[in-house]
Amino acid sequence: MTAPKPVVLCILDGWGLRAEREANAVALAETPTFDRLMATCPNATLVTHGPDVGLPRGQMGNSEVGHTNIGAGRVVAMDLGAIDLAIEEGSFPQNPALRDFIGKVKAKSGTAHLMGVVSDGGVHGHIQHLISAVEVLAGEGIPVVIHAITDGRDVAPTSAGEFVGQLVRVLPEGARIGTVIGRYWAMDRDKRWDRVKRASDAMLHATGEHAPDAEAAVAAALARGETDEFIAPTVVGDYAGARDGDGFFCLNFRADRAREILAGLAQPGFDAYDTGARPDWSAFLGMVDYSKEHDRFMTTAYPKPVIRNTLGEWVASHGLRQFRIAETEKYPHVTFFLNGGREAPETGEDRYMANSPKVATYDLQPEMSAPDVSDHLVEAIGAGYDLIVVNYANPDMVGHTGDLKAAMAAVEEVDRGLGRAVEAVTKAGGAMIVTADHGNCETMVDPETGGPHTAHTTNPVPVILVNGPAGARLHAGRLADLAPTLLQLMQLPQPEEMTGRSLIDA
């Protein structure tokens, strides 16, 4: 029996399952294609959080974690847990890159600027990592300025006051908060350089809103109608900007939303916007690798481990062709993260990126660029590829806005695209796995506060087999099991590095 061609992995980003219909965009939306597949095709559920994806117990998954595990075909120990462990066991203060940073800043009598997410969301950063770094640097007698990035997306939308207060209460002598900036400005990943400029101008030149202290900055933003994610870049107290000889340490451990701001702060030859005069940094450190380009001007505390024989690498090694498609917001996930942290395409790997719409928030355009993604997906299905990986961003990105009606519209647009994909795959004689990397839009109201729920969830996600082998059934599993499942459909052997198990029962 010949292998189906193409085999498609369709990732409905942020599409989780929850029994209750209330505030559940997936359940409340009109989804005829998804409903039909669930009723007629083999299906099961996957776990996308905690130890099953290499995270601490109870920690919700996210798109980086999800796509890394999917592409690896094994559970990958993620940075959050590794850094947590280093802090707990006491090795963090002796990290070689951190010691080098300390030495260089001291040699120039500089100030250490620390930028990090001030929340315990654990998706891009963690407040405890920031606190630990402040303690180490202040303990070395180095003045510390914190650039506090407020979250409101991976945690409750108006929780920044609590987190900033927690940080203020534990600051050692010699440490202070210099700026308070919502992640909307400091953590863009879609080349909205006007936002990034406002964040870097506050950090570098002390321009923006002003507040006497960090807690007042949060309160003033709330009074202006800004929830935590959108807090306008605010200069705290008499902070006067960065100077020659200062050092900069980015505490974020996820690459995609750190790259732009770091480039604006220090990348040689940067010209996306006018940065003004930038300081001659004595040291520029990142918690993790952000990209090969960033490695040219930064050092790294915790380099990424090499993941060998990812799904893409293994398929390429067998001389097969593959295609990756997503819109801007999720393009790094189906390329960089799915390929184990490598930017370059594999041999025979083609890509298409649809441009995400230039709107302030995606509830204003919940269809996003899904129609363009669907058009190119249908075209690729008929183009002779062996493997296609597609990501629909809408359920996650619109789910993050907390707008239930918009999330329902997003889900319905994705369902239309899914219908087109099913039709094209059937016509081509291919097979498809439909799944998600984590939940989000199935919970749009916070059950504890009654306010909008904007974060990911720990709910299970669906996995559906479309046009699979006759008599096939699926069993429950985790994201690491998807690559072995795809390889089974493609009739390829599984590399020994992949410890996941195919979800298909004959």
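Glycine residues also receive a Cβ, built from the backbone N, Cα and C atoms like all the rest.
Among the candidates ARG176, ARG189, the residue that Swiss-Prot names alongside HIS124, ARG153, ASP154, ARG183, ARG254, ALA255, ASP256, ARG257, LYS330 for the substrate site is ARG189. Annotated Mn(2+) 1-binding residues in Swiss-Prot are ASP396, HIS400, and among HIS376, HIS456 the one listed with them is HIS456.
According to DSSP, ARG189 (substrate binding site) sits in a coil region rather than a helix or strand. Long-range Cβ proximity for ASP437 (Mn(2+) 2 binding site), meaning a same-chain Cβ under 8 A and a gap of 6 or more residues, is found for ILE11, ASP13, GLY14, THR48, GLY61, ASN62, SER63, VAL65, GLY66, HIS67, ILE70, HIS333, VAL461, LEU479.
Counting only same-chain residues at least 6 apart in sequence, those with a Cβ under 8 Å from the Cβ of HIS456 (Mn(2+) 1 binding site) are GLY14, MET60, GLY61, ASN62, VAL123, ASP154, ASP396, HIS438, GLY439, ASN440. The sparsest Cβ neighbourhood within 10 Å, among the listed binding-site residues (HIS124, ARG189, ARG257, HIS400, HIS438), is found at ARG189. Each of the binding-site residues ASP13, ASP154 was scored by the number of other CB atoms within 10 A of its CB, and the lowest score belongs to ASP154.
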